[in-house]
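K.L.:
So TrEMBL lists the following for this protein:
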DOMAIN    2-216  domain 'Glutamine amidotransferase type-2'
ACT_SITE  2  active site, for GATase activity
BINDING   103  L-glutamine binding site
BINDING   287, 359, 360  ATP binding site
């Protein structure tokens with residue numbers, strides 16, 4: 001796990017590369033590498049940056065950027081390839097020679113052997129830039145779920161890329177101008193939706209995509225290389241697929257720990273890790289709250305006692321979080337309403353010396369744990385009913401609805417959706433209703449539903465032939481998970497130089513689940529029945545028979561008490577004349593309504609404008 005960056009231009013200043021490296025130090029404190037070279041018959045220059053967090057092959061042989069002596073190709077790589085040993089054996093049998101035991105070198109050799117199709121062979125999380133010397137092109141690629149990020153800026157003559165937006169800005173080559181469409185996207189979902197970022201002209205490479213930059217012409221061409229689909233799996237059961245994924249995710253030259261909440265997902269991983277490690281188990285880490293209604297410690301302890309090597313509880317009060325809040329907000333590469341939970345637990349784990357942890361992220365999206373899997377089918381039935389009514393009657397109903405309330409606003413939007421799954425998903429995940437979004441920012445809204453037309457078209461094409469469970473699953477993977485949970489998890493864990501691995505997002509496991517009959521994934525009376533079936537012989541009933549809680553903080557109470565002075569101070573000092581047209585008085589009104597308990601203003605909506613204000617204050 002690392003931080004990567006680079007520049008391709010007519011001239012590349014060494015100081016630009018150094019500044020980018022410094023901006024990524026937290027992602028890789030173990031080593032730094034910077035390479036600068038002339039390419040394309042000395043008409044252009046390429047600079048590559050790498051900050052290393054040593055996990056596999058701790059020796060100097062794993063230093064990056066890395067060159068393949070056989071081809072002259074260069075790579076700077078962030079991530080882990082869990083099947084690198086199998087791939088290495090395959091390549092050795094074909095005659096390739098290796099000088100390290102790193103997965104980085106395996107990517108170089110696999111690319112030399114298979115070209116861009118090597119991506120289909122990689123099992124893991126990754127983002128890399130690879131310079132193809134013979135074809136004079138730069139390849140940028142990210143893993144199938146976007147676990148590892150890649151951001152880039154291209155103005156026709158210069159390409160700048162990095163693991164974080166802040167590193168692009170540090171180069172001095174990217175104008176620090178806010179993208180107002182991204183601000184609107186943030187207010188729709190509480191996180192900016194890729195490929196948008198908060199900085200105008202900076203784009204995120206979408207999950208399961210690669211991009212080829214032709215050095216001579218300066219042309220870029222993003223391409224998709226994978227999506228889950230119905231096909232015969234190599235696995236015969238979910239248990240086999242789960243255990244195989246966890247076994248691969250334990251490959252490491254340093255100790256591996258586990259985020260353990262006591263829910264189904266992390267408990268399943270704890271059980272699988274215990275079984276595939278011969279009963280050793282992992283060290284586990286859980287957050288506990290003084291507010292017992294939010295704490296799941298009894299369930300985490302139950303699992304840890306049976307399946308973990310040692311268990312650590314991280315006690316967190318409002319005052320604890322308040323002391324960490326400035327650093328947590330500063331760690332936000334882009335504003336988000338989530339992420340503080342990841343920051344807190346990552347901070348605690350990093351203090352123990354652990355450098356790698358497994359997380360249960362992805363379980364709700366893959367196995368159907370979210371309420372959206374029940375809500376959206378019900379919403380579609382209701383939308384289809386309204387579609388049968390005369391348009392004049394539908395319009396009359398909509399005009400009478402008080403759309404300031406989020407639920408009523410969603411009903412109004414549902415009536416006009418026609419039952420389209422993508423539209424219903426966007427409505428279900430909406431943070432602020434359109435009328436409140438219009439009030440919070442002056443000027444026209446540049447994003448009606450928070451995503452770009454290109455992404456909307458791509459998502460529709462990708463779910464076109466899917467059953468409703470698979471369609472919702474895919475939209476959750478690309479939406480809520482990809483644009484919030486994974487992005488936040490990456491930036492908050494890497495702020496502490498901690499690598500987080502997600503076994504439930506192994507593409508072979510996901511592919512298996514995609515091929516399972518719908519009835520096995522949506523059995524009544526139990527949450528995520530397919531995942532539970534994989535470990536039911538080991539998992540205590542108390543874990544899978546209880547109501548889902550989720551890893552959340554007691555925000556309603558904390559915002560009204562401990563955090564109230566900070567929020568009110570920022571509301572008082574934030575300039576009315578600001579670069580995004582934020583209506584500060586409207587934000588103050590929203591805050592007052594929240595305190596008074598009016599109009600069902602939730603804590604997440606208040607937290608959204610506070611986080612955005614803080615991010616703007618720090619970054620502009």
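Backbone N, Cα and C define each Cβ position, glycine as well.
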K.L.:
Measuring Cα to Cα, tell me the gap between the residue listed as 'active site, for GATase activity' and the residue listed as 'L-glutamine binding site' in whole angstrom.
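P.N.:
Here the two Cα atoms lie 13 Å apart.
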K.L.:
Between the two most separated Cα atoms in 287, 359, 360, the residues recorded as binding ATP, what distance in Å do you get?
P.N.:
14
K.L.:
Among the recorded positions 2, 287, which residue has its Cβ surrounded by the fewest other Cβ atoms within 10 Å?
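P.N.:
Each of the recorded positions 2, 287 was scored; lowest Cβ tally within 10 Å is 287.
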K.L.:
Quick check for the class: what is the C-alpha distance, in angstrom and rounded, between residue 287 (ATP binding site) and residue 103 (L-glutamine binding site)?
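P.N.:
Here the two Cα atoms are 33 Å apart.
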K.L.:
According to DSSP, folded down to helix, strand and coil, what is the residue listed as 'L-glutamine binding site'?
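P.N.:
Note: the residue listed as 'L-glutamine binding site' is helical by DSSP.
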K.L.:
May I ask for the distance between residue 359 (ATP binding site) and the residue listed as 'L-glutamine binding site', taken between their Cα atoms and rounded to an integer number of Å?
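P.N.:
With the alpha carbons as reference points, the distance is 21 Å.
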K.L.:
Sorry to bug you, but what's the C-alpha spacing from residue 360 (ATP binding site) to residue 103 (L-glutamine binding site), rounded to the closest Å?
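P.N.:
Distance (Cα to Cα, whole Å): 24 Å.
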K.L.:
So if I draw a 10 Å sphere around the Cβ of residue 103 (L-glutamine binding site), how many other Cβ atoms end up inside it?
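P.N.:
Other Cβ atoms within 10 Å of residue 103 (L-glutamine binding site): 25.
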K.L.:
Near residue 359 (ATP binding site), how many other Cβ atoms are within 10 Å of its Cβ?
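P.N.:
If we count other Cβ atoms within 10 Å of residue 359 (ATP binding site), we arrive at 26.
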K.L.:
Just jot down the residues in the same chain as residue 360 (ATP binding site), at least 6 apart in sequence, with C-beta under 8 A of its C-beta; none if empty.
P.N.:
259, 261, 263, 264, 265, 266, 268, 269, 502, 504
K.L.:
For the residue listed as 'active site, for GATase activity', name the DSSP secondary structure in the helix/strand/coil scheme.
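P.N.:
Going by the DSSP assignment, the residue listed as 'active site, for GATase activity' falls within a strand, counted as strand.
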